[in-house]
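These features come from TrEMBL:
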type     : residues                                             : note
ACT_SITE : Lys145                                               : active site, proton acceptor
BINDING  : Lys62, Gly90, Lys145, Asp198, Ser208, Arg209, Asn210 : sn-glycerol 3-phosphate binding site
BINDING  : Lys62, Arg209, Asn210                                : substrate binding site
BINDING  : Lys62, Ala94, Arg209, Val233, Glu235                 : NADPH binding site
BINDING  : Ala94, Arg209                                        : NAD(+) binding site
DOMAIN   : 2-112                                                : domain 'Glycerol-3-phosphate dehydrogenase NAD-dependent N-terminal'
DOMAIN   : 134-274                                              : domain 'Glycerol-3-phosphate dehydrogenase NAD-dependent C-terminal'
Amino acid sequence: MNSRYLAGLRLNRNLRATASMAEAVAEADVLIMGVPSQAMRETARNAARHVRAWVPVISLAKGFENGTGLRMTEVIGQELPGHPLGVLTGPNLAREIVDGLAAASVLAMEDAVIVEQLQRLFRSGMFRVYSNLDLVGSELGGALKNVFAIAAGMGDGLGAGINTRSALLTRSIAEMTRLGVALGGNPETFAGLAGLGDLITTCTSPQSRNRTVGFELGTGRKLEDIVKSMNQVAEGVKSCGPIYELAREHKIEVPIITEVYKVIHEGRSPRAAFRGLLRRGARSEAEPG
Ligand SMILES: NC(=O)c1ccc[n+]([C@@H]2O[C@H](COP(=O)([O-])OP(=O)(O)OC[C@H]3O[C@@H](n4cnc5c(N)ncnc54)[C@H](O)[C@@H]3O)[C@@H](O)[C@H]2O)c1
Ligand SMILES: O=P(O)(O)OC[C@H](O)CO
């Protein structure tokens, strides 16, 4: 059992826990990195002393590094150079998967041969794994959707209706695609499991930590109190800053991300954020906003 994070659920009996990095990593044929984004560099650096050369490293994290604005496989690549890198991402709420409910995921790597081999390794009865050679787009989808989930949660916390949520999700996927393509992803990836699929799950499930942060903000609670009361990471809170900066750097208009950034970093109220989105000028559906 992992009573702190997945209370009441029995873990697979093949899992073995250890607090020793050397023991966890030294004999590994594949390394799977499942820590919050802001802990990724330190964790990869600690692993580097023990891991064998050429072992593939797969990231599960969905965020950007604060300060550098780097994606997780970029961070891992700096600390573990020469290893084939990938991400496993998609609509994958941990609790549902441990509970044995069916789910689909994307394993994205740039090497077509290795991704096919690992796809077989990750696939099991109720867990269907698709491959994708667009590592950058798949990784971006997972990180960007967290900020949109905060926005969707804020709407729900404010008592907005399903029409509002649907409008927000649809404009979010347009915004995700626009920014994701500018940052090097393929547009098709954002319409797949790593983009739209994960956006739907995270924006609609009460299990999502990012949506929960947004929801609580919408009901009027303070960000500091919400984060303090959670024992798990809500990646969108810390990744929102680097994402906003990347959009500015690439001159991409991102109205939803901008409003979430203002709520998190500039004390704007969720109600004012939603009003800000509604008051934007008339435009075509193909335009930002
Ligand atoms: N939980 C999910 O449903 C889920 C699903 C898909 C992807 N992810 C992503 O996986 C990543 C990790 O999420 P999580 O749900 O496991 O987070 P979590 O907060 O529940 O747990 C993180 C784990 O990392 C450990 N950790 C925290 N800081 C650390 C540090 N400095 N050094 C070493 N270990 C540290 C914690 O002890 C804990 O075991 C996130 O990027 C998240 O977006 C989570
Ligand atoms: O709980 P969240 O908001 O971190 O979302 C978890 C997963 O990313 C959903 O796919």
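Backbone N, Cα and C define each Cβ position, glycine as well.
Those TrEMBL annotations? Automatic predictions, nothing curated.
Shown are the recorded positions Lys62, Lys145; of these, the residue with the fewest other Cβ atoms within 10 Å is Lys62.
Look at the Cβ of each of the binding-site residues Ser208, Asn210 and count the other Cβ atoms within 10 Å; the largest number goes with Asn210. Sitting within 8 Å of the Cβ centre of Lys62, Arg209, Asn210, and not among those site residues for substrate, are the Cβ atoms of Asn146, Ala149, Thr202, Ser208, Arg211, Val233, Ala234, Glu235, Gly236. Neighbour list (Ala94 (NADPH binding site), Cβ cut-off 8 Å, at least 6 residues apart, same chain): Tyr5, Leu6. In the structure as shown, the Cβ atom of Arg209 (sn-glycerol 3-phosphate binding site) sits within 10 Å of 21 other Cβ atoms.
Same-chain residues at least 6 positions away in sequence with a Cβ under 8 Å from that of Asp198 (sn-glycerol 3-phosphate binding site) are, in sequence order, Thr89, Gly90, Pro91, Asn92, Gly141, Gly142, Lys145. Once the Cα atoms of Lys62, Ala94, Arg209, Val233, Glu235, the listed binders of NADPH, are compared pairwise, the greatest separation found is 15 Å.
Mean pLDDT for the domain 'Glycerol-3-phosphate dehydrogenase NAD-dependent C-terminal' (134-274) in this predicted model: 97. Less than 6 Å separates the Cβ from ligand 2 in the case of none of the recorded positions Ala94, Lys145, Val233. Distance between Cα atoms for Ser208 (sn-glycerol 3-phosphate binding site) and Val233 (NADPH binding site): 10 Å, as a whole number. Note: the CA-CA distance between Lys62 (sn-glycerol 3-phosphate binding site) and Glu235 (NADPH binding site) rounds to 7 Å.
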